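Pulled from TrEMBL:
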- 23-43: transmembrane segment (TRANSMEM)
- 26-476: domain 'Major facilitator superfamily (MFS) profile' (DOMAIN)
- 80-98: transmembrane segment (TRANSMEM)
- 135-157: transmembrane segment (TRANSMEM)
- 169-192: transmembrane segment (TRANSMEM)
- 198-221: transmembrane segment (TRANSMEM)
- 283-307: transmembrane segment (TRANSMEM)
- 319-341: transmembrane segment (TRANSMEM)
- 348-368: transmembrane segment (TRANSMEM)
- 388-410: transmembrane segment (TRANSMEM)
- 422-445: transmembrane segment (TRANSMEM)
- 451-472: transmembrane segment (TRANSMEM)
Amino acid sequence: MAGGFVSQTPGVRNYNYKLTPKVFVTCFIGAFGGLIFGYDLGISGGVTQMEPFLEEFFPYVYKKMKNAHENEYCRFDSQLLTLFTSSLYLAALVSSLFASTITRVFGRKWSMFLGGFTFFIGSAFNGFAQNIAMLLIGRILLGFGVGFANQSVPVYLSEMAPPNLRGAFNNGFQVAIIFGIVVATIINYFTAQLKGNIGWRISLGLACVPAMMIMMGALILPDTPNSLIERGFTEDAKKMLQSIRGTSEVDEEFQDLIDASEESKQVKHPWKNIMLPRYRPQLIMTCFIPFFQQLTGINVITFYAPVLFQTLGFGSKASLLSAMVTGIIELLCTFVSVFTVDRFGRRVLFLQGGIQMLISQIAIGVMIGVKFGTVGTGNIGKTDANLIVALICIYVAGFAWSWGPLGWLVPSEISPLEIRSAAQAINVAVNMFFTFLVAQLFLTMLCHMKFGLFFFFAVFVFIMTIFIYLMLPETKNVPIEEMNRVWKAHWFWGRFIPDEAVGVSAAEMQQKSV
């Protein structure tokens, strides 16, 4: 049975380590990098349905929204309005490509600091915006910050965490993202009730708070042993490894890091080398996992939850409240992944979450289609509206313990050091590109595809679930520098990995799980 599951990977080493307070604190602070991404995801949708904000910058959309006879599917359709949301992710795409070099040359922590700094400047532009130009400049600066943080933080967490807890610690990044979303929706709920322009200015301006948190956090964080070795600080790297592992017996793991660094130094052009056949598994995964993550349709809910709920007939206040509820559920369910990902593995969560999202998306599409049809007119009762919210919560829960955290975890843990920065840059760039497309096109797609939009995303959820079942081996408890053994043992990817890349005999490589 060609499922690709590897229950026991041959030759994988077990290092000595303890869960030390230092590694817990550093990973906790490092995860702050997810706050800026999450805050922006949550704040954008709420601000874009605040009437004073629309009246100030998007009067055409404001007039459409106030028209009681407007097609419900098309109430908010405006390319300029979606550009306000999506421009950030296009900027994040560009900055992630530069961030890979900075992360490699200067270390992970300084890339995180630069991300927080540019996000801080962007929040000031948006909070004091007087015209569309200031809004878009602010969004672009915010995007630069998100690009740097998303490139460096997952790699930092994967390198600092002990192998058997790497999934839990790395998922702290997703927890921070969702926490940022929840805080943003709560802020939107209260600022939307303020009169005049002060409400949306507070919402956008408070983005400076998570920006300052990541800047201060980056200043006090140590760099990872991997990064220190990569930059020539070998003795400091060994002391750091002993500190975060809670033991002086780190020679085996330290030597593996040295060997990986020496191999990486032979690679002068990581962007060119990642195209070599031996890195084909990492290249495919760092492209397809972020692609599929965005095609789950989650950002339709995250970006535009208040707008979507208003489209379904909720009032402005009720829309923000419903968005807040779904955000809290997503936060709570992300902790399910934190506590189970290293016990049950990545594949189980991917597959279960995919099935749950598929069923709920189809149900949502059917209900909206029955109530609004293809013309976009009709009324939805309180019971049906609450049922749709419940289905959306079930869908969000499935994403929260599967594709949400694992979409960041898996790409950050599967690449050898010599291509790690380039691979993570590709992961972030692909993620941001399709985040941009979804953000830019969603309102237009909703206007034209109507309830069929949910079936559109359901098709992709089906495809990605099959892809994970066939193509992704299990990576739980595998040391990050030993990951080539996992790929070598896979039924499909093994043909791309040369024997010398894993340093084991051909006989061992025959011990594959089916």
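In case you wondered, yes, glycine gets a Cβ from its N, Cα and C as well.
Same-chain residues lying 6+ beyond the ends of the transmembrane segment (451-472) with a Cβ under 8 Å from its Cβ atoms: 2-4, 284-285, 288, 292, 295-297, 300, 346-347, 350-351, 354-355, 357-358, 361-362, 364-366, 368-369, 372, 374, 403, 410, 442, 445, 492-493. Note: the stretches the transmembrane segment (169-192) and the transmembrane segment (348-368) are not in contact (fewer than 3 CB pairs below 8 A, sequence gap of 6 or more). In the predicted structure, the domain 'Major facilitator superfamily (MFS) profile' (26-476) carries a mean pLDDT of 85. Looking at 23-43, 80-98, 135-157, 348-368, the range that has the most CB pairs within less than 8 A of the transmembrane segment (198-221) turns out to be 23-43. Distant neighbours of the transmembrane segment (348-368): 296-297, 312, 337, 340-341, 384, 387-388, 391-392, 394-395, 397-399, 401-403, 406, 450-455, 457-458, 461-462, 464-465, 468-469, 472; these residues of the same chain sit at least 6 beyond its ends, with a Cβ under 8 Å from one of its Cβ atoms. Against the transmembrane segment (135-157), stretch 80-98 has more CB pairs under 8 A than any other of 23-43, 80-98, 388-410, 422-445. Below 8 angstroms of C-beta separation, residues 150, 154, 158, 166-167, 170-171, 173-175, 177-178, 285, 289-290, 292-293, 296, 298, 301, 309, 312, 322, 325-326, 329-334, 336-338, 340-341, 346, 349-350, 352-357, 360-361, 363-364, 367-368, 380, 431, 464, 472, 475 of the same chain, each at least six residues beyond the ends of the transmembrane segment (388-410), sit close to that stretch.
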